[in-house]
Every structure is written in structure tokens, then in C-alpha cells.
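Taken from Swiss-Prot, the feature GTP binding site applies to 19-26, 83-87, 138-141. Taken from Swiss-Prot, the feature Mg(2+) binding site covers Thr26. Feature annotation from Swiss-Prot assigns domain 'tr-type G' to 10-206. Per Swiss-Prot, the feature region 'G1' maps to 19-26; the stated evidence is similarity to another entry. Annotation source Swiss-Prot lists region 'G2' at 62-66. For 83-86, the entry in Swiss-Prot reads region 'G3'. The region 'G4' annotation in Swiss-Prot covers 138-141.
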Amino acid sequence: MAKAKFERTKPHVNIGTIGHVDHGKTTLTAAISKVLYDKYPDLNEARDFATIDSAPEERQRGITINISHVEYQTEKRHYAHVDAPGHADYIKNMITGAAQMDGAILVVAATDGPMAQTREHVLLARQVGVPALLVALNKSDMVEDEELLELVEMEVRELLSSQEFDGDEAPVIRTSGLKALEGDPQWVKSVEDLMDAVDEYIPDPVRDKDKPFLMPIEDVFTITGRGTVVTGRAERGTLKINSEVEIVGIRDVQKTTVTGIEMFHKQLDEAWAGENCGLLLRGLKRDDVERGQVVVEPGSITPHTNFEANVYILSKDEGGRHNPFYSNYRPQFYFRTTDVTGVITLPEGTEMVMPGDTTEMSVELIQPIAMEEGLGFAIREGGRTVGSGRVTKITK
């Protein structure tokens, strides 16, 4: 068993705990790492509760988020687990995409049932595209009435279904993070059951390599006698030489063929997700393409100008604006590699947005961008970031 540490073949899955601030997310996170350490000591490190609870401040795109990362393994998988203890931290984390989750454990205290914050977290999880949620009915040791537990479970399932998660099939496990940390066998087993459910219910993530090819263009130049080369970092997928591609965004969609792929001045047959490469494009002139467009597998993504988004506006302390903004505010929206001006419309009933606020908004860009739901962007003003958001719905 001692060799298990060096196994690199296990699927890696990013998960997190979400839910109301006082329902025991952090205690449960600590319990998971302790229970798995006791069960598989050669796969896991011992972590104490204090290191998770004192979540370090991280700065993501200049936004301060208190968040802690814990790693642990089951026999089946390697997990990275994020716990954002504060409500505001969780919201910022989800909207800015600081931690992309492949699935999440919704922690609901059996003593309280779902609260307004629980609902908000589930809604956000759907909007940013978390694929699967399962439920830890935490503090279950404190509820002796079986009927009450069943009632809370029903309520949670209805909440999941109302946000298009699978309320009927999602595992709901009764846990007690505190009792599991204390070593109570019944509740240690509840945490083991929870992780078995996570192993089974959260699907293996589709690796970026298996998605359709997409490379944002960072630079364009001409190689005399050969043609136009675009460079950038492939975001996802793979691309073979002589493949047809589309150039999407800013202007009309153009079709072309990739006749050469180069990386660090070496010729390649194929470009992979995560690699910086240059693509030689057949029949296109230097002026036909520009930074901010994307090179994609044909038909895989379309250009759009109008969308709805969830946005976090930086506070003054984070280097954001000093004063509020209103509808018709026209900042730049930075998508992947370029800024495009857009006009903001605030939702009905929202007169203005203050620095430090989270808001929904509708945006109309002056040029189309290759867009899909879940795509992140920064809002900039005079070259500095004043907000960060995600596309929740494409409207045109």
C-alpha cells in the first residue's frame, strides 16, 4: 500500500462545500480530511480544524477572498476541496471563478433546514454551471425526531429540483461533522458514506483536452512566403494539422485551414489544451484577424453581443471605483484577451450599484464576442479592473 502516494492515474476532481454560514461547512470539511486520513493514512495528510478555519486571504484578480484549500484522496479519486467560510467570500469565489467546481456538497443543518442563504448558494451554483450537488444533512445528531429529519430532507430535495438539479436522485447523507471529529463511530461512518456518495455521484470531469478546440488569439503576424500566423494559449481541445477552423468574434465568422502548428519554433502535428502555440492560417491576410478573436472547431461556439451576467464590483479598498454606477454605464468588458465596450442595464428595482456589491445585469457589447454561458470576464475602466463576472444567459 505504501506506493499509493505516487499514483498519478487517479481522476482529479475539484469540489467544495456550499451552504449557510452557520451550518457547519468548515467543521465538515475538517471531518472529511480526518476521517479519510484515519481510513487511508498513506494517501492523506492529517489536517487540524484550525488550519481550515483560519482561511487565508487570497487575491484573485485583485479581489480579496478568504478561502481554504484542502486536498484528500479516496481509493477512487484525488480531491481538491475549497471551503469559503464567509457568505460574501463564497459569492465572490463563485462569480470570479477563483475555484471551478466539478461538484459540490451542499451543507444543510438538520436543526434549521434550508435558509435564504442556502437558496442563494444553490441558485449561484446553477448559474455558474456546477454539474452536480449532493447534500450533507449536518448536525443530524442533534435531531432525534425521524419525521423532522425526513421533512428537512424533502425540503432540500424540493430546493434542488427548483434550481434544475436532480432533487429526486441526489444523495442526502445525514452527518455530524463535530461528532465525526470527536471519533464517534456512528458519525465517522456517516462521513465515510458521504465520501462514497461523492465518489459515485459526482461525474468524472470532462478534461479540457476532450472539449472542442478553442484558442484565444493574442498576437498576429506575417511570415514572408508562408502566410499569417496567430499565437495564443490553447484553452481546450486538441487541433491536428490541416484541420478546418473558424475565427469567431469581433467581425463576421471566417473559415480557414490550419496548415502549420508551431511551438517554441518546433513544428508540431497537433496542438493541445494548455500549450502556447502559433497556428499558420491558409488564405488569410494579416488584417483579416486580430487579438480578441478565437480560433475554434467549426460550429462549436458562436458570436454574441447581448447577455445577462452575475457580477461582483470591487470595493474601494480592492482598487475598485470610489462611487456607485447606474444603468447606461459604459465600461470595457475584458473577455479572454481583449476589451470590448458594453452598455449596462441594471435589473428593475436596482437603481445603482455600490463598490463591494454583487449584482445581476444585462449587457450589450458594441462588437460580438465568442461567448457561452459560464464565460468569465473582467469589467475595466481606463485599464484597471473594477469588477468581475460571469455570463449567466446569452440573449442575442
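Yeah, the Cβs are placed from backbone N, Cα and C, and that goes for glycine too.
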Proximal residue to Thr26 (Mg(2+) binding site) among binding-site residues Gly19, Ala84, His87, Ser140 (C-alpha distance): Ala84
DSSP residue counts for the region 'G4' (138-141), split into helix, strand and coil: 2 helix, 1 strand, 1 coil
Set of same-chain residues at least 6 away whose C-beta sits under 8 angstroms from Ser140 (GTP binding site): Ala110, Leu149, Arg174, Thr175, Ser176, Ser190
Residues satisfying Cβ distance under 8 Å from Gly19 (GTP binding site), sequence separation of at least 6: Lys25, Leu106, Val107, Val108, Gln117, Thr118, His121
For the region 'G3' (83-86), the number of residues DSSP places in helix, strand and coil: 0 helix, 1 strand, 3 coil
Mean per-residue pLDDT computed across the region 'G1' (19-26): 91
